[in-house]
Amino acid sequence: MRILLDVHPLIRCGPEPIITTSLLQLKRMYERNPKQLYAAGIYPNVYNRAIAAYFSEIIINMGQSAKYLCHKQPFTFYYLNYLNEIFINAKFIHMILKYCDCFKMHTKCQNEIQQQQALIIQLQEDLVDKNKRISELSGLLDKYQSVFNQSPSLSTPVTVIKGQIQPQQSRERQLGLNDVVFGFGGNDQSHVHDPTVQTRKRGIGISAEPQNEDEIQSKELKSYPKSEDVRKLIKGAILENDFMNHIASSQLSQLVDCMYSIEFTAGEMIITEGDYGSLVYVLGEGQLEISKDGRKLRVLDRPTVLGELAVLYNCTRTASVKAITNGTLWAIDRTSFQTILMRDHLQKHNDYITFLKSVPTFSNLPDSTISKLADQLNEVTYRPNEYIIRQGARGDNFYIIADGHVKVTIYPTTENGVIDRTKEPQFVRTLGRGDWFGEKALTGDNLRTANIIATGDEGVTCLALDLESYSLLIADLAALKRRYSQEKPQETTIEEYKPEFQNLQFQDLKIMSTLGSGGFGRVELVSIGSDKTKTYALKKMRKQHIIETKQEEHVINERNIMLHTDCDFIVRLCKTFRDNKYVYLLLEVCLGGELWSLLKDKYFFTEQATQFYVACVVEALDYLHRKNIVYRDLKPENIMLDTQGYCKLTDLGFAKQLPYGAKTWTFCGTPEYMAPEVILNKGHDIAVDHWSLGVLLFELLTGLPPFESPDTMRTYGIILKGIDAVNFPTRMSKNAQSLVKKLCRENPTERYGIGKEGLREIERHVWFEGFDWVGLRKRVLKAPYERQVTSQSDLRHFDEYPEETEEPEDETSGWDESF
């Protein structure tokens with residue numbers, strides 16, 4: 001009866017002929033023409049099976065009382081009248097059942113076939129994707145021949161490598177110049193590691209030699225003649241390279257001019273694994289064999305770029321290149337390469353400034369404001385005879401002609417002031433390079449009064465500035481000048497130290513333990529005399545190594561900036577010392593260890609925890625940016641935790657105070673956190689910290705930065721593709737994704753928090769809705785994780801380090817007099 005009662009509603013919901021037609025009528029309809037069943041609305045895949053099951057149940061339960069059936073389900077009595085017909089037409093019922101079974105089997109087979117076909121298509125697509133990925137991974141083994149080995153000796157010049165790691169079996173972690181290493185152990189045992197979860201290695205900070213505009217402009221570049229075929233060959237190889245194809249066409253032409261030929265013979269070693277190199281090559285003719293650790297990787301026989309990482313900073317080669325046949329290479333050194341890129345950007349920026357100064361609207365603006373305004377200009381190209389502006393239309397763009405010419409025409413107007421387009425427009429004048437038009441749009445008058453049309457065979461290139469950007473920038477710059485201090489750090493005097501440290505002598509410090517160790521020196525936990533109730537971190541850096549790596553400017557910057565920094569979210573500098581071997585920084589100690597160690601233990605943080613840590617960093621960066629100081633090395637490794645669990649920014653070795661409206665050019669930072677303008681040597685300012693903040697937010701929520709690869713050049717290539725090419729994990733909320741994307745805009749002037757409010761603008765973002773910023777600043781907001789210690793010498797959140805055994809050489813050149 002269960003089936004009978006369940007099936008009955010299905011029959012009732014079918015077409016009317018099922019309810020009103022007797023079985024005998026159905027039988028006759030079927031015998032005459034089966035298609036009539038379909039015409040009557042009876043479809044085998046739905047209703048026939050239900051009718052057959054219903055009738056079968058009646059046959060099985062024929063011994064049941066008709067009265068009972070009528071009582072349980074009144075509608076059933078209607079069909080009992082046909083019980084006699086059912087027995088007579090049992091063959092018909094059997095036929096229906098058999099047909100339904102066959103149809104069901106047929107339908108099932110059809111569905112299975114469709115599913116199998118869909119699966120085959122999906123597997124074929126997966127196979128294509130995997131083949132592509134295999135091809136990419138195979139190419140990565142030998143495509144980038146200059147990926148550096150992160151283990152330079154102390155005698156190696158030029159490059160600074162920060163945060164270097166020893167093999168896993170060693171507990172000592174190698175640090176560079178700017179790593180104030182307070183904690184690397186992450187010895188919090190409250191979290192159990194999951195070996196299936198991926199974590200990244202310690203981020204490594206790198207720096208090329210500091211450069212300034214005077215050095216860039218005074219560098220002499222030599223050109224070498226080449227045939228047009230050779231030029232085309234070199235350009236083609238560069239444009240096929242994932243990193244170098246981002247170079248502007250004007251820069252590319254200069255690079256080709258400055259590349260010189262190197263002839264090689266069969267058997268000659270072009271690059272030796274482990275050597276330091278400063279040249280990037282393009283294979284012109286011949287065959288080269290790429291090998292690593294004695295194992296052959298690949299044979300090159302077509303124009304290909306080799307050693308491109310060397311043009312960014314001094315690094316070791318991780319593969320060897322040997323000539324198989326005689327041939328030719330085209331090469332350029334790092335200094336020339338960087339000079340071309342920097343000089344091109346400087347020249348273009350200066351041209352923009354010159355253009356702007358010639359416009360009456362901007363003539364009274366200060367140089368710093370015009371420099372910022374120049375950053376807002378967008379280059380736009382128009383084809384010959386293309387209209388840039390149409391008379392009578394509305395527009396909010398102002399234009400300066402950078403290259404080419406335009407003609408100005410005006411239609412006559414009627415007495416009522418209506419434009420008469422039935423007549424030929426009158427030619428007014430021709431405008432060329434440096435001329436401007438559309439300036440009224442910046443004052444709010446957006447009705448165009450003339451036609452501006454591109455002329456010439458190659459069209460025209462204009463620099464465009466829209467009203468919104470102009471209005472915001474002018475308002476923002478006025479506010480920024482009030483916010484940002486333009487005072488440079490003064491020379492240190494004894495009064496600049498806090499009273500408790502003014503008379504402190506180096507001999508008063510007592511070493512208790514080691515907090516960190518690296519290529520530039522060590523960080524020791526010290527006390528003043530025998531008082532162990534208060535401890536400090538003493539960072540000591542080898543002077544000889546600083547000289548060899550040409551990092552004097554960075555060390556002096558770190559000392560001067562930290563000495564004038566007083567922020568609860570930045571590690572404080574207490575005093576500096578020097579002797580013949582070291583320079584010393586006596587620093588506030590953070591016994592909670594690094595945020596990176598905590599992240600490594602937890603793999604990733606909740607959004608609530610990430611909000612807290614990012615907010616701490618925002619407070620620190622906002623403090624620096626108010627002084628127009630760019631930090632340039634934001635990452636979890638440089639964020640310390642005090643015992644309350646609050647963050648403090650440390651390691652200001654790459655920090656630099658900029659003149660208002662100016663940029664800096666030194667290639668430095670940690671690859672995964674570098675902004676595109678740093679990689680491309682376009683010049684950068686505080687906007688790079690906004691980019692890094694977005695990367696930090698992503699890593700804290702996911703455990704990995706968005707731009708991450710085992711290959712450094714591949715990392716740069718991913719960065720240059722932009723944040724929109726990144727796949728965000730589903731566990732990251734839409735609001736968090738929104739903030740990351742706003743911070744990691746390719747155009748530095750469009751990044752979130754660059755406006756007049758600075759990073760304070762982030763407080764209003766929806767992702768921070770409900771966050772207690774006041775409580776954070778007053779340090780009453782509870783941290784996500786407290787890093788408790790039992791005493792001021794409790795190093796549970798740190799690794800152990802062996803004692804120092806080697807004495808560095810003396811260095812007495814006097815560059816460190818300010819210490």
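Glycine is no exception: its Cβ is also placed from the backbone N, Cα and C atoms.
Secondary structure at ASP633 (active site, proton acceptor), taken from DSSP and collapsed to helix, strand or coil, is coil. Around ASP633 (active site, proton acceptor), a 10 Å sphere centred on its CB holds 30 further CB atoms from the protein chains shown. The active site, proton acceptor annotation in TrEMBL covers ASP633.
Residues or ranges marked as ATP binding site in TrEMBL: LEU515, GLY516, SER517, GLY518, GLY519, PHE520, GLY521, ARG522, VAL523, LYS539. In the three-state DSSP scheme, LEU515 (ATP binding site) falls into the strand class.
Summarising the annotation, TrEMBL assigns coiled coil to 106-133. Taken as a whole, the coiled coil (106-133) shows an average pLDDT of 78 in this prediction.
According to TrEMBL, the feature domain 'Cyclic nucleotide-binding' maps to 243-358 (among others).
Per TrEMBL, the feature domain 'Cyclic nucleotide-binding' maps to 361-491 (among others). Each residue of the domain 'Cyclic nucleotide-binding' (361-491) gets a DSSP state, and the totals for helix, strand and coil are 33 helix, 43 strand, 55 coil.
Residues or ranges marked as domain 'Protein kinase' in TrEMBL: 509-768.
In terms of DSSP secondary structure, the domain 'AGC-kinase C-terminal' (769-819) contains 5 helix, 0 strand, 46 coil. Look at TrEMBL and you will find 769-819 tagged as domain 'AGC-kinase C-terminal'.
According to TrEMBL, the feature region 'Disordered' maps to 789-819.
The distance from the Cα of VAL523 (ATP binding site) to the Cα of ASP633 (active site, proton acceptor) comes to 19 Å.
Secondary structure at VAL523 (ATP binding site), as computed by DSSP, is strand.
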